[in-house]
Amino acid sequence: FALSWRSYKHTNSQFLYFAPDLIFDEERMRQSAMFELCQGMHQISLQFVRLQLSFEEYTIMKVLLLLSTVPKDGLKSQAAFEEMRANYIKELKKMVTKCPSNSGQSWQRFYQLTKLLDSMHDLVSDLLEFCFYTFRESQALKVEFPA
């Protein structure tokens, strides 16, 4: 999500902006082992352009995205977790209704933002799987030297 935000802010979503010295254009994405994931992240960035996402909206959406990732072993307090999530959803609603450019269209804007969040679940899952796979591969290739 942060990668899509950086791409939106620094390159108007023309490229994937991992860091100032690591920027992927379409060709670089194709060469990557994670081409499909890059395409997905680029699409999110393009949605940011289409929606003209504000930093405040991005921040609240980022929290909601993080709160949608539940550990495999569950939570210590599901009720507290759900309350926190509900509070951030309320904050997103407030943010959308406050924005003068959204006057009269705040519910449509809220729908677009939550739809974008919902569309990211598969991408987030695939990214986590890719990261875990890459980590496992790096562990398998690790060389242990005798003392």
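Backbone N, Cα and C define each Cβ position, glycine as well.
The average pLDDT the prediction assigns to the domain 'NR LBD' (1-147) is 87. Residues or ranges marked as domain 'NR LBD' in Swiss-Prot: 1-147.
Around the Cβ of T134 (21-hydroxyprogesterone binding site), the number of neighbouring Cβ atoms within 10 Å comes to 12. Residues or ranges marked as 21-hydroxyprogesterone binding site by Swiss-Prot: R6, T134.
Marked as aldosterone binding site by Swiss-Prot: R6, T134. Secondary structure at R6 (21-hydroxyprogesterone binding site), taken from DSSP and collapsed to helix, strand or coil, is helix.
Taken from Swiss-Prot, the feature progesterone binding site applies to R6, T134, supported by similarity to another entry.
In the domain 'NR LBD' (1-147), helix, strand and coil residues by DSSP number 104 helix, 7 strand, 36 coil. Residue density at R6 (21-hydroxyprogesterone binding site): 18 other Cβ atoms are found within 10 A of its Cβ, drawing on all protein chains shown.
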